[in-house]
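Peer 1: There's a structure below that I have some questions on.
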Amino acid sequence: MEMDRHRLGLSTRWIATVASIWIQCSCGSSYTFSIYSSVLKSTQNYDQSTLDTVSVFKDIGANAGVLSGLLYSSVTLNSSSSSTFLGPWVVHVAGAIQCFLGYFLIWASVVGLIHHPPVPLMCLFMFIAAHSQTFFNTANVVCGLENFPNYGGTIVGIMKGFLGISGAILVQMYDTLCKGEPSTYLLMLALLPTLVSLVLMFLVRIYKATTADEKKHLNGFSAVALSIAGYLMIIIILENIFTLPLWARISTFILLLILVVSPLGIAIKALREDSNRSLQRYSIETNLLTDNAEQITSPKFSTAEDPIEYHQLPSGDSKVKGTSDDEMLLNEEQLNLLQAMRTVNFWMLFFAMISGMGSGLATINNMSQIGQSLYYTTTEINSLVSLWSIWNFLGRFGAGYVSDYFLHTRGWARPMLMAFTLATMTAGHIVIASGFPGNLYVGSILVGICYGSQWSLMPTISSEIYGVRHMGTIFNTIAIASPAGSYIFSVRVIGYFYDKEASGEDDSCSGTHCFRLSFFIIASVTFLGFIVAVALFFRTRRFYQLVVLRRLRHALK
C-alpha cells in the first residue's frame, strides 16, 4: 500500500493538506445548529430554556478538545512518518465514530426511533456529536503545523478558515439537497463527515521535508479559501434578497463543489515542481560524482590539491561549536500540558481567550435578540447571522497570514497582533452597545473578524511557546476558554441584564437600553484582555527573537 501511494504521488504533504482541507469543509456541523434546532424543540417538546441547555453542551463539546490532543500526542509521539500503524488517522477514526453516533442518535430521537430520550441523554448525544469536531480539527491543524513549521500562522489560518466557512458550505448543501427537511439534514450530518474522514484519513500524515517555494503554494490554498468565502457571501446576500429556483440552487452548488475541489490542482502543481526539482538535484549530484571519480583516477590527482580538504575543520572544538546551535534548535525541550499550566504565559493566554473567544461567541449567540430589540427586520437579522461565518473566516485566515508576514519580515511576535485584534474587538462591542442606526452591521464585522483571528493566533502562539509535540493538548485546553467565557457573558451578563430590562408581555425588551450595559461590561473585559495580550507580547518578545526567529532562519537556510 505504501509503495502504491508513493507511485501515485499521494504520499506527500501537499496531498495531506488537500485531504485536511476537504475534511475541514465537511466537519463544521456545530455552526449549523439553527437549521435543526426547531425540529428538535418541537419533536422533543422542549421549551426555549431546555433547548438552550442542549446548545450549551454543543458549545462545550465543540471546544473541549483535551482528549483529542492527548490522543494525537500518544499516536504521533513515537511513530515515524513512514509507518502507517499509528498516526493522525487514529484521531480521525475516533472523530468519525463520535460524529456518526452523536448525530445518528439525535436523528433517531427526532424521527421517533428513540422515544423522547431524557434531556441529560440528549445533551450527551449533542456533546458527542460536537466533540467529534475537535478530533478532526486537532489532527488537521497539528499535522499541518508539523508539515509546514516555517509558516505556522498561514497553515493554521487555512485550516481554521476552511472550518469557519464549512458551516456555510453545509447550509448550501442543506438548501440544495434537503430544503425544509431538517431531520434528513441530521442524517446527512451523521454520514457525510464520517465518510469523508474515513476515506481521506490515511492521506493526512506528517512529512518533515521543506522546500524553498512552499509559501507560494500555501498562498494558492489561501486564494482558493478567499474565493470560496467571496462566492458564499454573494450567494448568501442573493438568497436573502431573492427566492432562487431549484435549478439556480443546483447550479450554484455545483460551482461551489468545483471551488472546494480546486485545491487538488494546486497540490498537483506543487508535486510536479517538487518532482522536477528532485530530478535536477539528482542530475547535479550524478555529475558531481562523475567528476570526482575522474579526478580520483586522474594521474594528476593530489591530496594536497583536493578542494574537499579545505572544508575539513582544523580542530574538534570548532566542529562542536558549529553544530551546537543546530542541536539546540532541533532538540529544544517541548513542554507537556502540566508543565505548560505551571507557566504564567499559559494563564495570560487563557484569560485573553476568555475575553476574545468568549465575548465573540456570546455576541453571535445573542445576535437575533439584539437585532429584534433594535428593530432590525427578519431578513436583516438572517443576513447578519449568515455573514458572521464569512467574517469569522476572514479573521481566521487573515490573522494567520498577516502574523506570518510580520514575523518573517519585521520579526514581530504574534501576541502583538493578538493585542491589536482584542483592541479592535473592544471597539466592536462599544459600537454594538451604542445602538446607532446600522450599528450591528459595523459591530458584527469588527467582532466577527477579531473573534475568528483568535482561533488562528492562539494555536500558533501555543506551538511556538510550548512546542509542537504536545501542542494539540495545550491549545485545546486553552480553547475551553471559549465556552467558559461564553457562559459568563451570555448567562451572567447579557441574560441577567436583559431580564432586568425586559418589560413586555412575553418578557421581551425593545430599545437601545436592552443590551447597552451588557456590552459596555463585555467591552471592558475585552479591554482587560487587550492589556494582558500586550503584557504577553513584552514577556515573549525576547523569546521570539532568540528562539522562534532563530528557528525560522535555521530552517530556511
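Yeah, the Cβs are placed from backbone N, Cα and C, and that goes for glycine too.
Just so it is clear, the model here is predicted, and its values are computed rather than measured.
The following feature annotations were taken from TrEMBL:
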- 21-40: transmembrane segment (TRANSMEM)
- 60-77: transmembrane segment (TRANSMEM)
- 89-113: transmembrane segment (TRANSMEM)
- 151-173: transmembrane segment (TRANSMEM)
- 185-206: transmembrane segment (TRANSMEM)
- 218-238: transmembrane segment (TRANSMEM)
- 344-364: transmembrane segment (TRANSMEM)
- 344-557: domain 'Major facilitator superfamily (MFS) profile' (DOMAIN)
- 384-403: transmembrane segment (TRANSMEM)
- 415-434: transmembrane segment (TRANSMEM)
- 440-461: transmembrane segment (TRANSMEM)
- 473-497: transmembrane segment (TRANSMEM)
- 517-538: transmembrane segment (TRANSMEM)
Peer 1: Does the chain bring the transmembrane segment (344-364) near the transmembrane segment (473-497), so that three or more CB pairs sit under 8 Å (pairs 6 or more apart in sequence)?
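Peer 2: Result for the transmembrane segment (344-364) with the transmembrane segment (473-497) is yes.
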Peer 1: Can you tell me which of 89-113, 218-238, 384-403, 473-497 gets the most C-beta pairs within less than 8 Å of the transmembrane segment (151-173)?
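Peer 2: Result: 384-403.
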Peer 1: Most CB pairs under 8 Å with the transmembrane segment (473-497): which of 21-40, 60-77, 185-206, 384-403, 440-461?
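Peer 2: If we count Cβ pairs closer than 8 Å to the transmembrane segment (473-497), 60-77 scores highest.
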Peer 1: Can the transmembrane segment (384-403) be said to touch the transmembrane segment (517-538) if we require at least 3 CB pairs below 8 Å and skip pairs under 6 apart in sequence?
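Peer 2: Taking Cβ pairs at least 6 residues apart, the transmembrane segment (517-538) and the transmembrane segment (384-403) are not in contact, as fewer than 3 fall under 8 Å.
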Peer 1: May I ask for the residues of the chain that lie six or more residues beyond the transmembrane segment (89-113) and have a Cβ under 8 Å from a Cβ within it?
Peer 2: 23, 27, 29, 36, 39-40, 43-44, 68, 71-72, 75, 122, 125-136, 138-139, 182-183, 186-187, 189-191, 193-194, 197-198, 201-202, 204-205
Peer 1: Using a Cβ cut-off of under 8 Å, list the residues of the same chain at least 6 residues beyond the transmembrane segment (218-238) that approach it.
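Peer 2: Sequence-remote neighbours of the transmembrane segment (218-238) are 17, 21, 148, 151, 154-155, 157-158, 161-162, 165, 168-169, 172, 244, 252, 255-256, 259-260, 262-263, 266, 269, 383, 386-387, 389-390, 393-394, 397, 401.
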Peer 1: Select the range from 21-40, 415-434, 440-461, 517-538 that forms the most Cβ-Cβ pairs under 8 Å with the transmembrane segment (185-206).
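Peer 2: Answer, by Cβ pair count: 21-40.
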Peer 1: Are there residues at least six beyond either end of the transmembrane segment (415-434) with Cβ under 8 Å to its Cβ atoms? List them, or say none.
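Peer 2: The answer is 352, 355-356, 359-360, 363, 370, 395, 399, 402-403, 406, 440, 442-447, 449-451, 453-454, 457-458, 461, 512, 515-520, 522-523, 526-527, 529-530, 533-534, 536-537, 540.
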Peer 1: When you scan the chain for residues with a C-beta under 8 Å from the transmembrane segment (21-40), skipping those not six or more beyond its ends, what do you find?
Peer 2: 46, 51, 54-55, 58-59, 61-62, 92, 95, 99, 103, 106, 110, 129-130, 132-133, 136-137, 140, 158-159, 162-167, 169-171, 174, 182-183, 185-186, 189, 192-193, 196-197, 200-201, 204, 221, 260, 263, 385, 389
